[in-house]
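Q: This is the feature table in TrEMBL:
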{"type": "SITE", "residues": "ARG18", "note": "site 'Transition state stabilizer'"}
{"type": "ACT_SITE", "residues": "TYR23", "note": "active site, proton acceptor"}
{"type": "BINDING", "residues": "ASN74, HIS80, ASP87, ILE101, SER102, ARG111", "note": "substrate binding site"}
{"type": "ACT_SITE", "residues": "HIS100", "note": "active site, proton donor"}
Amino acid sequence: MSLFFILNGPNLNLLGQRQPEIYGRETLGDVEESCRQLAEAAGHDIFFAQSNREYELIDWIHEARTQAQGIVINPGAFTHTSIAILDALNAFEGPVIEVHISNIHKREVFRHQSYVSTRAEAVIAGLGVEGYAVALGQLIRLSQR
Ligand code: DHK
């Protein structure tokens, strides 16, 4: 059994309520439920968490160093600003997949830059919340190689 961390950054607690024309109507609870079902069907487990605080995300990435086979991360707006999250991910040895619900490249120019992309094995943007399941499915496949 493998454990995968699925981490979410600021404002994603408002998923389903915030700008639904961009982020959709599903809640983060819905996303957690579908990821949990996917992991459990393959005999694995997830740690699913969200924080509006940069340090909390960093602390979870540090925990992942000894506990997780891989990380799915949607850092929210920290994607575009946080060298500290990039440094934490660089201290994690397993695969990292970056997820964005929206296509950040179709949006404002300040969203086009991602520090995390310089570390991630893959980047999924614009698939809506389905991107989480695609990312987790790929981590599961990688762990079975
Ligand atoms: C979510 C956010 O909160 C934004 O700050 C990012 C990302 C995009 C998303 O599409 O999931 O720019």
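Including glycine, each Cβ sits where the backbone N, Cα and C put it.
I'm curious about the neighbourhood of these features; can you describe it?
A: In the three-state DSSP scheme, ARG18 (site 'Transition state stabilizer') falls into the coil class. Note: ARG18 (site 'Transition state stabilizer') has non-local neighbours ASN11, i.e. same-chain residues 6+ apart with C-beta under 8 A of its own C-beta.
TYR23 (active site, proton acceptor) falls within a helical segment according to DSSP. Cβ contacts within 10 Å of TYR23 (active site, proton acceptor), excluding its own Cβ and spanning all protein chains shown: 19.
Spatially close to ARG111 (substrate binding site) yet at least six residues away along the chain are THR79, HIS80, ILE104, HIS105, judged by Cβ distances under 8 angstroms. DSSP classifies ARG111 (substrate binding site) as helix under the three-state reduction.
Following the DSSP three-state reduction, the secondary structure of HIS100 (active site, proton donor) is strand. Around the Cβ of HIS100 (active site, proton donor), the number of neighbouring Cβ atoms within 10 Å comes to 24.
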Q: Would you identify which of the binding-site residues ASN74, SER102 has the most other C-beta atoms lying within 10 angstroms of its C-beta?
A: ASN74
Q: Out of HIS80, ASP87, ILE101, which has the highest number of nearby Cβ atoms, where nearby means within 10 Å of its Cβ, if these are the binding-site residues?
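A: Of the binding-site residues HIS80, ASP87, ILE101, the most buried by Cβ count within 10 Å is ILE101.
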